[in-house]
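Here the structure is laid out as structure tokens; the discussion comes afterwards.
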Amino acid sequence: MSDDMSMGLPSSAGEHGVLRSMQEVAMSSQEASKMLRTYNIAWWGNNYYDVNELGHISVCPDPDVPEARVDLAQLVKTREAQGQRLPALFCFPQILQHRLRSINAAFKRARESYGYNGDYFLVYPIKVNQHRRVIESLIHSGEPLGLEAGSKAELMAVLAHAGMTRSVIVCNGYKDREYIRLALIGEKMGHKVYLVIEKMSEIAIVLDEAERLNVVPRLGVRARLASQGSGKWQSSGGEKSKFGLAATQVLQLVETLREAGRLDSLQLLHFHLGSQMANIRDIATGVRESARFYVELHKLGVNIQCFDVGGGLGVDYEGTRSQSDCSVNYGLNEYANNIIWAIGDACEENGLPHPTVITESGRAVTAHHTVLVSNIIGVERNEYTVPTAPAEDAPRALQSMWETWQEMHEPGTRRSLREWLHDSQMDLHDIHIGYSSGTFSLQERAWAEQLYLSMCHEVQKQLDPQNRAHRPIIDELQERMADKMYVNFSLFQSMPDAWGIDQLFPVLPLEGLDQVPERRAVLLDITCDSDGAIDHYIDGDGIATTMPMPEYDPENPPMLGFFMVGAYQEILGNMHNLFGDTEAVDVFVFPDGSVEVELSDEGDTVADMLQYVQLDPKTLLTQFRDQVKKTDLDAELQQQFLEEFEAGLYGYTYLEDE
């Protein structure tokens, strides 16, 4: 159902005076350039996200249609005025479709460039994001597309949608008899279903059920390679991988099929180097090794027709274009070129036909299309005032700190900034210990902490970020002086990979980007867990432990956007503290500046989450009512409390403004 079929939001702030009046002075090109570099938007944004002249994040879901763009900050404010609750996912299905077109186009160019005669299919592994909006947006893109399943539930979803694609279905993962029968039923219905053998125990069941159903199975084999990528997901590939057959087992499978008279059923070769491959060299090495499997299987009389290179196509979460865990040092064209060339070269060298190439590029398709937007519910700033001099009879540690402070302001002093900082830290440490033993009063402790903050600020002003020797001190002080921002979201629900594997996601304010980022901040969620904090942020060409922030009003802080959360995060999110799924909307942007918004997920209520843990909301309401009736409160107040409790049960799990 469409919430707002045409919101009429302008596509470009510069073309509409109503938005121009929001800010008297448009952002200068110099400031724009600085902000783009600070947050690396030009690289991870991939032309989908940019900063407009108002200093707001703008979204262009299809870079081939640059006039179709929307001011995200203004969109969120408009939605809030219409009742939108935060946090919420803002999803852009047009980005999904553009990603699919872009990958298909890259492989088309590579095939034409190298004279490759085989076809290419992108098979979407729905485990990356199984939401209906994602699957159906990709299917309706008009592009060739296959679907991959890794479980019975996923296979049921894939088979139900298969009539819309009439393409390729790849079945991976552990399989029981029911899973295998479902896949064979799909084949018997006329779909091209590849059952990929991951364990030798599967083949006997496949042959048995194929005979029962009187269907010729279409099989694949997953080979376990010696080649392996690096990074956070490296264990999903290589010789120690959870899935796949070793070389000896591949030979055993071939002989089993030969003896059963089903060797012609083995048509697909599959391998997987790992997810989010950062280094193109690792990809090239793995494809060359797998190409040898293709050659050797043909020598054994196996007519492999499809070459499934699996996943691995990464995205640049950092925007550093590097080999780091959350970046990539290649683009779509280089990725496609390396795969097509390696397979084609092996075929030409051995006089073999060019197979159909399949990639399972789920992350690269989905990551960019979703932004989590939330509000800051509280800010704790390290505000400081320089205290007055201590009394003459004050303890020595206080006197020492004051002497250091005075020396910092004396002209011509030869002590280093680091030395000043170390002296003040040692004095403060002594005061904290003394406070615990009763030597110092609360007032004296507060005085020392205020003076230390003043010293940190003074040292920070004199440090040069371009001086490599100053960088460790700068990082230390930025952590010490950073604002604490309490954000209305659950890290465990909305960005579980940031908690579980320390993955980095681009995070930045949606507005105020027309100002120099002079402040630093750390982001904390609203769960009752110390792990509910983001530890790493983009900061130019590096990664920092604090987030650059433009100056802002702490009483009215900007909304924040958590970008590139479209892959895995919605599916992996957990229910810590019973925070549930957020609301989600699909946003469609058109060249005339109009915007269509559809509510795709209303988000979980408190009652929904309680039911997950077998706490029946009606029973809880009854128990609460019984308690209220036993109080000596007047009837009107009892009724008020009951109504508030019931409203809370069916309200949002996140914090809501009155």
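Easy rule for this one: first residue shown is 1, then count along the chain.
Just so it is clear, glycine is given a Cβ too, placed from its N, Cα and C backbone atoms.
Feature annotation from Swiss-Prot assigns substrate binding site to PHE307, ASP308, VAL309, GLY310, GLY311, GLY312, LEU313, GLY314, VAL315, ASP316, TYR317; the stated evidence is sequence analysis. Annotated N6-(pyridoxal phosphate)lysine per Swiss-Prot: LYS127, in sequence order, evidence recorded as similarity to another entry.
Within 10 Å of the C-beta atom of GLY311 (substrate binding site) sit 26 other C-beta atoms, taking all shown protein chains into account. The CA atom of VAL309 (substrate binding site) is located 17 Å away from the CA atom of LYS127 (N6-(pyridoxal phosphate)lysine).
In the three-state DSSP scheme, the residue listed as 'N6-(pyridoxal phosphate)lysine' is classed as helix. Sequence-distant contacts of VAL315 (substrate binding site), defined as residues of its own chain at least six apart whose C-beta falls under 8 angstroms from its C-beta, comprise TRP44, GLN276, VAL328, ARG363, ALA364, ALA367, HIS368, MET564, ALA567. Cα of PHE307 (substrate binding site) to Cα of the residue listed as 'N6-(pyridoxal phosphate)lysine': a span of 21 Å. Following the DSSP three-state reduction, the secondary structure of VAL309 (substrate binding site) is coil. Spacing of the residue listed as 'N6-(pyridoxal phosphate)lysine' relative to GLY311 (substrate binding site) is 12 Å (Cα to Cα, whole number). For the recorded site, VAL315 (substrate binding site), the DSSP three-state label reads coil. Contacts of TYR317 (substrate binding site) defined by a Cβ separation under 8 A and a same-chain sequence distance of 6+ are given as TRP44, CYS326, SER327, ALA367, GLN503, LEU504, PHE505, PRO506, MET564, in order along the sequence.
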